[in-house]
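J.: Pasting a structure here, questions to come.
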Amino acid sequence: MATSWESFLQDEQQLEELARQAVDRALAEGVLLRTSQEPGSSDVVSYAPFTLFPSVVPSALLEQAYAVQMDFNLLVDAVSQNAAFLEQTLSSTIKRDDFTARLFDIHKQVLQEGIAQTVFLGLNRSDYMFQRSADGSPALKQIEINTISASFGGLASRTPAVHRHVLNVLRKTKEAAKILSNNPSKGLAMGIAKAWELYGSANALVLLIAQEKERNIFDQRAIENELLGKNIHVIRRRFEDISEKGCLDQDRRLFVEGQEVAVVYFRDGYMPSQYSLQNWEARLLLERSRAVKCPDIATQLAGTKKVQQELSRVGMLEVLLPGQPEAVARLRATFAGLYSLDMGEEGDQAITEALAAPSHFVLKPQREGGGNNLYGENMVQALEQLKESEERASYILMEKIEPEPFGNCLLRPGSPARVVQCISELGIFGVYVRQGKTLVMNKHVGHLLRTKAIEHADGGVAAGVAVLDNPYPV
């Protein structure tokens, strides 16, 4: 799909001048990351990588992604409450995947003791690509849903002004006006605030579980600042601080350094490397508490790749969302092909198909954070090794989405502005709050577009591969 600024991609001199202006505007707007050299300090910061121009997204697909988000919120919430479904779905995975097994152990312990938490909060992001259909038209296909530490809601609210600025410099004011305003951090904070209010203790705090060296701190601060504007105070602590200074009273209310905590918001704890024995103990303490966890452990498990694969089975959505055929149809329309690798005939068949046509599949482990998936020759080698091993149950196979590439200019600190062939991934942020069995909030609250050069198979902005972008709806 051609845009009226495509000709500028050919003019190197003009690109460099535009890039300088765009970077200055990004810094002025707060599109910031700490540097990899000093991830623990804000003394030196740089701009978060972004595209020079917004990228074309078909309006119909953007609208479809927004329309299905509340269905995905309902689905994640339903899965998190269905202990039998989680146990059955993850039974083979937890035998072979230690990280999922540790999370599941905590889930079981909490169920046995009885869940103290009465208010539940989901902040998620559902990510999609645009699959090229046989007739050339694009279709919306879900890559994954992130149910823990869904990031870039803060920075995504800062980038529209940068792309409007670039188009205004080019005297494209009509086009600049088409760039959508977007403020996910405001909506995410609204969900946290609602959960805090329902918890019902005016002096209680929000506890943000953070990594010690967090490059993406300004993204998190956007949500903290929104909460402070509502007079809700946030403290940032590491898992280690919780194990040293956290405790529960006889009603299982959570106290950290003597202050009651209403909501625990995880921006850490989604990868095995983020847990020591001490951190696992801290996670268990948090889960046992009455505080509203975002996410609680069942919701984190609901976001695993294995659950995603099981949800695509015929009839499964109807079981989890009974009497909601319209929602089921909207959800199913976004599913790509997903295949179990459990031991047995079904798994054998999937492996045979993937080895016969490796370019059509992706091998996914149960991991978040980008950079974990296997493609092409790497996937073939892994499947050959896993074929006869029960370890294969810790992976799923997914149909590879093939979007139509397009040209854009990716701006990164220390790299020259260069035009490359790119593909984009669209994320929609969802927020829901449930009190007991009653859903009190269910919303979509904004979007995130990330774009990467086609030579990079896997990985997001935080993994250093994709860059921030904005949709230009056509």
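Glycine is no exception: its Cβ is also placed from the backbone N, Cα and C atoms.
No curator has checked TrEMBL annotations; they are predicted automatically.
Copied straight from TrEMBL:
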BINDING   ARG125, 148-151, 214-216, GLN220, 267-270, ARG450, 461-462  substrate binding site
BINDING   GLU144, LYS305, 364-373, TYR375, 398-401, GLU425, LYS452, ASP458  ATP binding site
BINDING   GLU144, ASN146, GLU368  Mg(2+) binding site
DOMAIN    205-302  domain 'Glutathione synthase substrate-binding'
J.: CA-CA, which of the binding-site residues ARG125, ARG215, GLN220, ASP268, TYR270 lies nearest GLU144 (ATP binding site)?
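T.: If we rank ARG125, ARG215, GLN220, ASP268, TYR270 by Cα distance to GLU144 (ATP binding site), first place goes to ARG125.
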J.: Over the span of the domain 'Glutathione synthase substrate-binding' (205-302), how high is the average pLDDT in this prediction?
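T.: Overall, the domain 'Glutathione synthase substrate-binding' (205-302) comes to a mean pLDDT of 97.
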J.: List only the single closest residue to GLN220 (substrate binding site), chosen from the binding-site residues GLU368, GLY371, TYR375, LYS400, LYS452 by CA-CA distance.
T.: GLU368
J.: At a 10 Å cut-off from the C-beta of LYS452 (ATP binding site), count the other C-beta atoms across all protein chains.
T.: 24
J.: Please report the distance from the Cα of GLY371 (ATP binding site) to the Cα of SER149 (substrate binding site), rounded to the nearest angstrom.
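T.: So the Cα of SER149 (substrate binding site) lies 16 Å away from that of GLY371 (ATP binding site).
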J.: Please report the distance from the Cα of PRO365 (ATP binding site) to the Cα of ARG125 (substrate binding site), rounded to the nearest angstrom.
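T.: ARG125 (substrate binding site) has its Cα 19 Å from the Cα of PRO365 (ATP binding site).
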J.: Find the shortest Cα-Cα separation between GLU368 (ATP binding site) and the binding-site residues ARG125, SER149, SER151, and name the residue that gives it.
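T.: Checking each of ARG125, SER149, SER151 against GLU368 (ATP binding site), the shortest Cα distance is to SER149.
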J.: Rank the binding-site residues PRO365, GLY371 by the number of other Cβ atoms within 10 Å of each Cβ and report the first-ranked residue.
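T.: Answer returned by the neighbour count: PRO365.
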J.: Have a look at the binding-site residues ASN146, ARG215, ASP268 and say which one has the shortest Cα distance to LYS400 (ATP binding site).
T.: ASN146
J.: At the Cα level, what's the spacing in Å between ARG215 (substrate binding site) and ASN146 (Mg(2+) binding site), rounded?
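T.: Computed Cα spacing between ARG215 (substrate binding site) and ASN146 (Mg(2+) binding site) is 20 Å.
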J.: Just to verify a number: CA distance, TYR270 (substrate binding site) to TYR375 (ATP binding site), in angstrom, no decimals.
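T.: Checking the Cα atoms of TYR270 (substrate binding site) and TYR375 (ATP binding site) gives a distance of 22 Å.
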J.: CA-CA, which of the binding-site residues ASN146, TYR375, LYS452 lies nearest ARG125 (substrate binding site)?
T.: ASN146
J.: List only the single closest residue to LYS452 (ATP binding site), chosen from the binding-site residues ASN146, SER149, SER151, ASP268 by CA-CA distance.
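T.: Nearest candidate: SER151.
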